[in-house]
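Scroll down for the structure; my scribbles are underneath it.
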Amino acid sequence: MSSQVRLRLLPRARCLFDEPIKLKVEGLRSRQVVTMRARLTDDKGVVFSSSATYRANGSGEVDLNRDPSLGGSYFGVEPMGLLWSMRAEKSHKKFQKATSLKPQLVNFSVYEEEDRMLAEETNERLLMGDGVSRVPVKEGNISGVLFTPPGEGLFPAVLDILTFRSETRASLLASKGFVVLAIGLVQGKFESFEHYPRFHLDHFKEAIDFLKQQPKVGSKGVGIIGRSKAADLALSLATFVPGVNATVSINGCSANVGVPLYYKKQHILSPLVYDLSKLIPTESGASIGKYIFEDPLAEKNKGSLIPIERAKTHFLFVAGEDDLNYDSKTYMDQMVERLKRHGKENFECVSYRGAGHLLEPPYEPFCPSCAHGISHYIASWGGQPEAHAAAEVHLWKKIQEFFRTHLSSDAAQTKAKIITSG
């Protein structure tokens, strides 16, 4: 390494996972061309990496907030491009952070044209803020992890229903001042819909009641967030179970997908069925699942439609317009039309051009394809990396604002808002 070249991570090398950092290189030759690299290893041992070429200014400095990438994993001015553009060294792998206890380490480095390293620094990206507590929960039908912010409270409460096992969203929300219980669709690993003849909302109501009983919870009702199948479960909970004040549906369906739904021992929703023979294979080996589902509005499927107009909640509907797993924008439009038809204004919706299915908290490596979390095939998730990453930054702030607005003790009534971003 060169003793004259310095790589700086600002404001510091240690930060929360969802926080941006500024990367600067100093001590280069005037107009010197260098390659910036990023590399990490996730909790499954999968290596992700990215690189981009930059030209120093006349003072021998590179500033990723100012200077454009000339080539590599991305082009143009992208201050966090080295993070979101990282790709797995193995095909069809998603970045996985199984536990929030360990920070994610990212190695940033600078190389000159002869592939000689000039400088390197390690970014320590924390999943939990200082003082956040993490407590595994196994009580009755509840199996999950409870995250609680530091301080006396009182804090709003959120139930995070997961399709992919991950603590990232829950732990980061707790770091922003929410009490969050993260639970999976089922206890243990989800096998397939064939293994579960029915889902019971009662199990999720147990989780809601558990959250309400936490001593630091101040909101009268809870918020619920879910993506994909977890999103339609969130919508059903908001519709049939009292005490849900705010619901975030990310790339969810307007109907109950895949398996009959029961509550209080009564059948409440039929399943919207799908046909895996309609998967569209791609050259990469992944398949597009967007067209495998029957039309929720068809007469024979009306028993699967979630009657969201009955809900006493506020909805935030989110759709990635380049989703290749669900026809998310169409489903969102159906739900908006249904609420409008019933004279409801208790919703906001936002759609993102170029965003795919796997909308996560910001700065994870973009995932174009991986094993489907529910069905046994390699799923193509859709999304253009740059647009998808920008959508995640915007959405993450939107989710926090939405929950704070509608879970506060003096939450005001708000009218419908429709936003298209990108």
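Cβ atoms here come from the backbone N, Cα and C positions, even for glycine.
Annotations in TrEMBL come from automatic prediction, not curation.
Note that the coordinates shown come from a computational prediction; the quantities given were computed from them, not determined experimentally.
According to TrEMBL, the domain 'BAAT/Acyl-CoA thioester hydrolase C-terminal' annotation covers 200-408.
The active site, charge relay system feature in TrEMBL is assigned to S228 (among others). Sequence-distant neighbours of S228 (active site, charge relay system) (same chain, 6+ apart, CB under 8 A from its CB) are T163, I250, N251, G252, N325, Y326, H357, G373, I374.
Annotated active site, charge relay system per TrEMBL: D323 (among others), in sequence order. Every protein chain shown contributes to the tally, and the Cβ of D323 (active site, charge relay system) ends up with 26 other Cβ atoms within 10 Å.
Under the heading active site, charge relay system, TrEMBL lists H357 (among others).
On the 0 to 100 pLDDT scale, the model's mean across the domain 'BAAT/Acyl-CoA thioester hydrolase C-terminal' (200-408) is 96.
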